């Protein structure tokens with residue numbers, strides 16, 4: 001079974017920096033495991049590597065699609081497996097780096113995507129009524145409270161899947177996420193995870209948002225806002241929708257920036273919940289441990305040589 005390295009962690013933890021440090025040392029090429037970095041038109045809010053960083057190490061699945069093109073987890077898996085094959089054929093090590101847990105899990109393990117009959121199953125009337133009264137975001141919040149791992153792989157605006165998941169939970173008394181198929185590995189993967197003290201992670205997220213604002217995030221968000229009438233993949237992405245009330249004159253810029261920081265912190269919490277429940281992770285602390293790069297390199301070499 002082909003060996004690959006995976007580097008995951010919550011937003012803002014320092015995955016890109018560590019990946020760029022490790023890649024030359026292990027002769028690796030990087031596959032982005034972020035569902036938003038595939039899009040050409042948005043770079044700041046998606047925290048893409050810079051042009052200089054992209055030149056330092058060869059990357060895959062970055063800037064490959066327009067936001068107006070469909071791109072699903074199935075597309076990601078199809079293109080990700082091709083990237084792995086290409087990297088291996090070139091004599092290098094595949095290094096998957098990102099924070100979209102479900103996408104990475106689907107690549108590493110042969111998850112069943114789009115289960116047959118999933119949408120045909122009837123849903124409990126109580127959840128349909130809840131949706132009518134409270135809206136799709138509140139419905140998703142309810143799912144997130146009941147089954148965080150399931151919520152991680154369902155977009156808030158996809159009320160159909162939220163209804164389905166809540167129905168399965170209420171009918172079976174078991175978590176929807178635990179009723180997915182057994183793990184069937186596609187690759188022999190060493191999964192390294194980055195995490196640290198929660199308050200330090202949150203502080204880094206806040207600082208990162210401030211830096212994004214300095215680099216032009218507002219202009220990027222305005223592009224997304226001005227194209228909101230066209231159906232596209234980024235309209236609900238964290239980093240853009242939070243500014244819509246500012247552009248419509250409903251909130252101040254400071255209010256929207258604070259909302260983005262809050263949303264980013266909540267997203268980091270959801271990411272960690274998914275990683276801890278769904279993937280076998282070897283955890284490292286890049287904020288407290290000065291030798292995190294050395295430790296990661298040692299674990300990688302042990303894995304590749306066994």
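Just so it is clear, glycine is given a Cβ too, placed from its N, Cα and C backbone atoms.
As recorded in Swiss-Prot, the features of this protein are as follows:
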| type | residues | note |
| --- | --- | --- |
| BINDING | 9, 10, 11, 12, 13, 14, 15, 16 | ATP binding site |
| BINDING | 11, 12, 13, 14, 15, 16 | substrate binding site |
| REGION | 34-37 | region 'Interaction with substrate tRNA' |
| SITE | 100 | site 'Interaction with substrate tRNA' |
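The Cβ of 14 has fewer other Cβ atoms within 10 Å than any other of the binding-site residues 9, 10, 12, 14. Proximity of residue 15 (ATP binding site) to non-local residues of its own chain (separation of 6 or more, Cβ distance below 8 Å) is seen for 7, 8, 9, 97, 98, 99, 194, given in sequence order. Long-range Cβ proximity for residue 16 (ATP binding site), meaning a same-chain Cβ under 8 A and a gap of 6 or more residues, is found for 47, 49, 53, 97. Same-chain neighbours of the ATP site beyond 9, 10, 11, 12, 13, 14, 15, 16, judged by a C-beta within 8 angstroms of the site's C-beta center, are, in sequence order, 99, 194, 204. Sequence-ordered, the extra residues of this chain that approach the substrate site, with Cβ no more than 8 Å from the Cβ center of 11, 12, 13, 14, 15, 16, are 9, 10, 17, 47, 99, 194, 204. The average pLDDT computed over the region 'Interaction with substrate tRNA' (34-37) stands at 94. Between residue 11 (ATP binding site) and residue 100 (site 'Interaction with substrate tRNA'), the C-alpha separation comes to 10 Å.
Rounded to a whole value, the Cα-Cα separation of residue 12 (ATP binding site) and residue 100 (site 'Interaction with substrate tRNA') is 13 Å.
The CA atom of residue 14 (ATP binding site) is located 15 Å away from the CA atom of residue 100 (site 'Interaction with substrate tRNA'). DSSP assigns residue 15 (ATP binding site) to a helix in the three-state reduction.
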